[in-house]
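A.B. asks: One structure is given below, represented as structure tokens, and several questions about it will come after.
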Amino acid sequence: MSTAIRSGRQSNWGSFCDWVTNTNNRIYVGWFGVLMIPCLLAATICFIIAFVAAPPVDIDGIREPVAGSLIYGNNIISGAVVPSSNAIGLHFYPIWEAASLDEWLYNGGPFQLVVFHFLIGISAYMGRQWELSYRLGMRPWICVAYSAPLSAAFAVFLVYPFGQGSFSDAMPLGISGTFNYMLVFQAEHNILMHPFHMLGVAGVFGGSLFSAMHGSLVTSSLVRETTESESQNYGYKFGQEEETYNIVAAHGYFGRLIFQYASFNNSRSLHFFLGAWPVIGIWFTSMGISTMAFNLNGFNFNQSILDGQGRVVSTWADVLNRAGLGMEVMHERNAHNFPLDLAAAESTPVALQAPAIG
């Protein structure tokens, strides 16, 4: 009896699936990578072209275009991809929705193309982190940590425009555009007096401090494996089982420098703390941006202290308020959009008596 054996050739689709999910590839692709790669490529290519050559954009919707590209006179610092026009509002504005390419460019269509593809791409990047961790049998905390900057991007590019009613209020894609966004945000929402922003500052600056402290402590307590004439980095071999630094010495040093319980004696809890502190801080900042997007602003302590005769005793809150009003006036280039808090409030005299002339 003879048996016919068919050669089991794998289909092209099967080969593609194996390649996508193969953890031995030099760079892991993954199913999230199939979505991530084209989205980030589209966002990057459009950003570069728009940053270099996009025509001016009517960001305020009042026929006063703002130039952001390099060939229109900007440099690397002042250049930006200008947000889509206030005339577009929150409408989805792909190329096919415009009457012509010139109209699409004039109304800031490239900004939406870049931002939407970018947000999808970085979300897929987080999914790819989870996917690779899952396939390697690792715990999922890498993608959880990455969710902090991801949430910040969604807050400034999506949630804030939704709350304000127009993508023209989103953060411009450029260096000075980012600073302008921050100044206007302070002027309109008093973010410096918002508790969630304070927690975010503590997270970022505290994370930097803890990172520097940890790195310096470890580097200062390395187990000597080299001579004075060799680099200390040669004392570590990738994959070695022995500890490369003396955690007991580091713990003893820091415990005596501050006090005993300020120093971790468990390497795992230490590194969890180093990861959790800045992540939680940035989460709070993202939540703060998202709440202020709907005008739930920072605390207002303006003119909250009065003397016995009812006169205002100025505090730092009043200094912030005056600075914010000044920034808001400079930001609003058109008179019909004059800041409501200036138009409705009583005028504050800047001088008690006019100087005599002549």
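Even glycines carry a Cβ here, placed using N, Cα and C.
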A.B. asks: Need a hand: Swiss-Prot gives Ser263, Phe264 for quinone, which of His197, His214 is also on that list?
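C.D. replies: So the quinone site in Swiss-Prot includes Ser263, Phe264 plus, from the candidates His197, His214, His214.
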A.B. asks: Do you know which of 85-100, 101-116, 117-132 Swiss-Prot annotates as transmembrane segment?
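C.D. replies: Result: 117-132 is the stretch Swiss-Prot calls transmembrane segment.
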A.B. asks: Counting only residues 6+ away from its ends, which parts of the chain sit with a Cβ under 8 Å from the transmembrane segment (28-45)?
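C.D. replies: Result: 19-22, 113-115, 117-118, 120-122, 124-125, 127-128, 130-132, 135.
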A.B. asks: Taking Cα atoms as reference points, rank the binding-site residues Tyr125, Phe264, His271 by distance from Glu188 ([CaMn4O5] cluster binding site) and give the first.
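C.D. replies: Of the binding-site residues Tyr125, Phe264, His271, Tyr125 has its Cα closest to that of Glu188 ([CaMn4O5] cluster binding site).
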A.B. asks: For Phe264 (quinone binding site) and Tyr125 (pheophytin a binding site), determine the Cα separation and express it in whole Å.
C.D. replies: 33
A.B. asks: Under 8 Å between C-beta atoms and at least six residues away from its ends: which parts of the chain pack against the transmembrane segment (196-217)?
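C.D. replies: That would be 250, 253-254, 270, 273-274, 277-282, 284-285, 287-288, 291, 298.
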